[in-house]
Amino acid sequence: MTRDTIALIGPPAAGKSRVGKRVAKLLDLPYVDTDAVVVAGHGPIAQIFAEHGEPHFRALEREAVAEALRRPGVVSLGGGAVLDRDTQADLGAARVVLLTVRPEAIAKRIAGGKRPLITDLESWKRLVASRSELYASLADYTADTSSRPIETIADEIAQWVLASEAQNPDPQNPDPQTEGPA
Ligand SMILES: Nc1ncnc2c1ncn2[C@@H]1O[C@H](COP(=O)(O)OP(=O)(O)O)[C@@H](O)[C@H]1O
Ligand SMILES: O=C(O)C1=C[C@@H](OP(=O)(O)O)[C@@H](O)[C@H](O)C1
Ligand SMILES: [Mg+2]
């Protein structure tokens, strides 16, 4: 585990995958999307849920997350990956960025049926309410994605990573929680 790992966490459709990819490019770091790793090895997430159930998906997800967090780079987690205790512990050694998004911005982002736990806005709200405290407790930095372009959000995060590395390169001494401009 390493502070050279930047992990993006947060609700489904907050932008973890899109923003994470862009942050990696800006910082010239390797990029991993743990959902993409699971899909590449085991097929579509909706199919895994339907055929084997959520616990099986969580086990595959945990494997992908553990592997990704072991290396330097930018890692976009799936929204529920933080429910795993071992993942929570691993994140203690990474630089953790929480992406948030307001419900008003979500409706057009959750179309497509790729997320089996999200059937409509109400299910998204319930899921986020049940996790929001956990997300906040794990975050070193928070950026809201509701109303800004992906590029702007990624720039802000890359700047924070560089500042936080300069200020605190010590892996044993995690940064205090900071927050981006509203
Ligand atoms: N800042 C943003 N503004 C508008 N749409 C966004 C933004 N970030 C992501 N999206 C859109 O929201 C959807 C979900 O993004 P994604 O990166 O897959 O989220 P996550 O990985 O958090 O589930 C995609 O259709 C993406 O284009
Ligand atoms: O929040 C969740 O439990 C999930 C979020 C999804 O990833 P995104 O957060 O990238 O949509 C995906 O891992 C799966 O559908 C479960
Ligand atoms: Mg994603």
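Numbers run from 1 along the shown chain.
Cβ from N, Cα, C; glycine included.
These figures come from a predicted structure and were not determined experimentally.
Site annotation for substrate in TrEMBL covers ARG58, GLY79, ARG131, and the matching candidate from ASP28, ASP35, ASP144, ASP155 is ASP35. Binding site for ATP per TrEMBL: ALA13, ALA14, GLY15, LYS16, SER17, ARG18, ARG148, plus ARG115 from the candidate set ARG115, ARG126.
Following the DSSP three-state reduction, the secondary structure of ARG115 (ATP binding site) is coil. Residues near ARG131 (substrate binding site) in space but far in sequence (CB under 8 A, at least 6 apart, same chain), listed by position: PRO11, GLY79, GLY80, VAL82, LEU83. Within the group of binding-site residues (LYS16, ARG18, ARG58, ARG115, ARG148), the Cβ with the highest number of other Cβ atoms inside 10 Å belongs to LYS16.
Taking a Cβ cut-off of under 6 Å from any atom of ligand 3, the binding-site residues ALA13, LYS16, ARG18, ASP35, ARG58 reduce to LYS16, ASP35.
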